[in-house]
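The structure under discussion appears below in the form of C-alpha cells.
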Amino acid sequence: MVQVFRLMRFSFFIDKINNTSWQRTLYVMFFARMIAMIGFSSIFPFLPLYVKSLGSATSLGVDLCVGLVYSGQAFSMMIASPIWGALSDRWGRKIMVERAMFGGVVIMSLMAFVSSAEELVFLRMIQGMITGIMGSTNALVAACVPRGRMGYAMGMMTVGVGLGLGLGPVIGGVVADAFGYDAAFYVTAILLLLAGFITLWGVEEEFEPVVNKGDKKVSFIASWRRILSLPGVMLIYSLRFINQMSRILFIPILPLFALTLLEDPEGVNSFTGVVIGLSSLATAFFSVYLGQVGDRGSHRKILIVCLALAGVFFVSHGFAQNAWQLLVLQVFYGVALGGSVTGISALLAHLTKHGDEGAVYGLDSSVNSGARMLGPLLGVGISAALGVRTVFFLAGSLYIVACILALWKLPKETVEN
C-alpha cells in the first residue's frame, strides 16, 4: 500500500521513469491505464438514463436496448480480444495499446451525436471490437517485466483499474449533471486521448517477434491451441471465468439486497456506492501487497487461499442481517479478490512462454468479457427464481469449487519458462 502512495507523488514517478526499461514501462502504463479507466467508467452512472433519453427507433424497445448496451459491448470484445492479442505478438504490443486508446477517442466522441438507442448499441459493439484496454496493457507489461516481479507488476496494474473505476463514475456523474451527457462523452474522449499520448511518448518498446522453427508463420488458431495445451493454462482461464462471473453475479441485485437491510430506503443509492467503492479500494491496494508476497513465495498458494476466503465471505453475505455486516463482508471480499485477480494474471505469465503475451492476455480478456456478459443475466435470473440470498450462496460455492480445482490441478509456477 505504501508503494501506491509513493507512486502517486510526481517526483517519485520521475525518478522511476529514468530507471530500468521494464520499470519505466510499468509505471507509464499504470498512469495511462488509470486515466483510460477513469474515462471509460465515467459513463457508467448515466448510461441507462442516456439510453432512455434517446428512445428506441425500432421495435426493440428501450428496456432491451439498455441490456444490449452492456451485453453487446462485452460480446464483441469477447470475440475481438483474442484476435487483437495474436496480432500484437506479430506487430508489437505498444501499437495495440495505442489502437485501443485512440480508437476509443473516436468511438466515445461519436456517442455524443447518436439520435437513437439503437445507434448507441451499435457504437458500443464497435467499442468492444476496437478497444480492449485491459488485455492490451497486460500484454505490454507482461512482455517486459521479469517473471520474478510479475506479481508486483500485475498488482500495480490492478491498482490502476481500481483507482480508475473509483474516480471515473464520480467525474462522469458530476459532468453529466452540470453540462449534459454530450459533455461527459467529450471528457471521456479527452482522457483517452491523454492516455494514448502518455503511452506514445512514455513507452519505448523493443519488439522482436518470436521466430518459429522453419521461420513459418503460425495461424491464430494454431497459436491459441498451443497456448491452451500448456499445463495449467486452461485451468487458469477457467478460474478467471469463475472469479469474474462470481464477482459480477451480485452487482445487479446489490441495491435490492441493500434495501432489505437498510432502515432508511432513501439512502440505498449512496450506500450501494459506498459498498462498491470500499470493496474496490480494498481490491486495488491489497493486489499490490499480495502480488509482492506471491513474487517472494508462491502465487499458486496466494491464489488458493484467496479463492477459499472469497468463497467463505460470499457465503457469509447470505446470512447478513444488517447493512454494516454487508459493508464489512464486501471489504473483506475485496481483499481476497485483490489476491485472486493478481494471482491469476501472474500465473498466466509464469505458465506460458515469452513472446506469446499478446495471445495469452487476449484470450484472458475474452474470458473476462464472456463472464461480464453472462454474470448479470445469471444473477438476475437466479434472484428472480430463488431469491436474492441464493445468488450469494451460488457465488460462494463457485469460489469453493475454484479453490478445490486450483489445489488439485494447478501446477506450481517457475520463474524460468
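Using N, Cα and C of the backbone, Cβ positions are placed for all residues, glycine too.
Annotated features, as they stand in TrEMBL:
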- 25-414: domain 'Major facilitator superfamily (MFS) profile' (DOMAIN)
- 26-47: transmembrane segment (TRANSMEM)
- 67-87: transmembrane segment (TRANSMEM)
- 99-116: transmembrane segment (TRANSMEM)
- 152-171: transmembrane segment (TRANSMEM)
- 183-203: transmembrane segment (TRANSMEM)
- 245-262: transmembrane segment (TRANSMEM)
- 268-290: transmembrane segment (TRANSMEM)
- 302-320: transmembrane segment (TRANSMEM)
- 326-349: transmembrane segment (TRANSMEM)
- 377-408: transmembrane segment (TRANSMEM)
Request  = Average the per-residue pLDDT over the domain 'Major facilitator superfamily (MFS) profile' (25-414) and send me the rounded value.
outcome  = 88
Ask   = Which of 67-87, 268-290, 302-320, 377-408 has the most Cβ pairs closer than 8 Å to the transmembrane segment (152-171)?
value = 268-290
Note = Given the transmembrane segment (26-47), its same-chain partners at Cβ distance under 8 Å and 6+ residues beyond its ends are 7, 13, 16-17, 69-70, 97, 101, 104, 108, 111, 131, 133, 137, 140-141, 144-145, 153, 156-157, 159-161, 163-165, 167-169, 171-173, 175-176, 181, 184-185, 187-192, 194-196, 198-199, 202-203
Ask   = Between the transmembrane segment (302-320) and the transmembrane segment (183-203), are there at least three Cβ pairs closer than 8 Å, leaving out pairs fewer than 6 positions apart?
value = no
Query = Counting Cβ pairs under 8 Å that sit 6 or more residues apart, are there three or more between the transmembrane segment (377-408) and the transmembrane segment (268-290)?
reply = no
